[in-house]
């Protein structure tokens, strides 16, 4: 017989009300079920084994490469070098490293650790912590969908450039000719690479109000990119885990090849000096610190749900703290390494442009007898230039040849990859070879990040019971087909304008809000003590003061600062986009149309509103799908192996150690099977919620057809006494 213990169990506010809490006055008693968590060092922690048949990494290397391929993406190539250049050169590394330590690494461990602890996707994790938090998973999935839509368009453009890289000479190396044998005016006014990007590749429209039709070559490349992504992720990590060996390692091989080639080029040293010369006074500007925090946040891919999904495929005893530190160091080193490669080659390009500028000015000076001959020394050239006043300089149509000015023109994003860097590649001997290498590297980086983005979204979808019943290939196919169709908006002449709008609005405020709510949910609702204990149980390492302070205070403050400043900048700075002016051959800044701003606002709200909506609807139980949130919470915990042990009869002193092990399979504990129970144990076992619902009525007057009814029936017969037992485990 089990001993009777009366306790006051702590309540979280979402447990189901007791079935019967008082004697009924007729001699019968109700059954009170109180489930309490096992005690570990005075920290309550519920063992949640997650899905017993969940997929797992085939090895540690596969997990590490997958997370590296996801975290190290295009932003390390075309965003970080630009930020270094604009925000104080080498001095920018100071705020970047500070934000990496105070913001990126702590939130990184929260996502990876909670995924490994729960062994569930983003939706399942937040529902398990508290049903009212389920909206965090939905918001994360929606924002991830928006990002996946436009991120694959970048891969589309890379495909188009990669195919054209096999042509000799490269199609962006010269301007096309008109019928008279002269260069096209649009190309002559801009440059060869700029013309190829805006006219040949995009066939850019004059504005978002005049998008033009679909560009069939972009549509075909978009179809190819989504098809490849589908075949990579259609079976989850069973298929994508094999591809990461290429997508993660190949970019480093290419970067090393470019590094060796770049530092041997003329002008490479000037490019590196220009980039990394520290401008300490820049650190006094708040925007520099904001840029550093934002770069750290997006370079890790936080709040997408992908890190939670990757962590859920780990073994329960995996050392996630070590993984977080290794990936963080690798991410930072890769960004610095890539910026060295980029600016070494951009220094070469700037030097070549300056030499061309000087040669053009020399011809003009010789023509006007200001220089004796074309092969004059650089000292003679400088002397002649200094003798000319500003008026004469303009009348002679001389150009200003400045190396620093050329290096200051370095662009970010698509401008760096498809305009600036392609111009540098043209100057290299064997240009097609370097073009193929460069765009294959971009393709690998893009696919690695896209795999992680989709894995996070699909893992969230498969936390939904209805979708679980459908084959993974079918769900993945539907998602990719939907994204391909919606992606037609990026295949018009205004495709690049739409991509910049998505990048500016869809993946900014929504992601920061989700990240802030994730930190609040884990540290203040799930409990920082409980999460600390979970990390200790999984890794043997107990997070100390650094983790506690960054989780509880510093991290949330930084997130709030990023969120507030992002909103303020959007309100103060009138959002604009760069539209191509074919007549002038330049990019002009234009205001977004009002209807486009309406679409942007709708995307922001779509990524944020699910959190308060789910909170309100579940707190007031106004969703028919959630017939009883409290009951669902109890039923979820009841079906775990750890709860089976909690409700087991634990007063038998002859049981072996496994019987007293409260750690579920997530922590390597014992999992009970049907053979562990005897028929005698079944009679003494306290009733679970499901057993009470399925228990047949014992009243003798009850007809046979009512046996097994799915209602809570109270026995009225006094022939059998019922025990009122509350089990304290």
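Each Cβ is built from the backbone N, Cα and C atoms, and glycine gets one as well.
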Given ranges 45-62, 63-80, 117-134, the stretch to which TrEMBL attaches the annotation transmembrane segment: 63-80
Transmembrane segment according to TrEMBL, located in which of 278-295, 296-313, 350-367: 296-313
Top Cβ-contact partner of the transmembrane segment (296-313) among 433-454, 505-528, 549-572, 592-617 (pairs under 8 Å): 505-528
Near-site residues: Na(+), ref 69, 72, 76, 299, 331, 445, 449, CB cutoff 8 A to centroid: 68, 70, 71, 73, 74, 75, 301, 334, 448
Stretch among 63-80, 135-163, 249-276, 433-454, 549-572 sharing the most Cβ pairs under 8 Å with the transmembrane segment (475-499): 135-163
Two-stretch contact, the transmembrane segment (249-276) and the transmembrane segment (325-346), at least three Cβ pairs under 8 Å: yes
Cβ-based contact of the transmembrane segment (549-572) with the transmembrane segment (92-114), 3 or more pairs under 8 Å: yes
The transmembrane segment (505-528) in contact with the transmembrane segment (592-617), cutoff 8 A, at least 3 CB pairs, sep 6+: yes
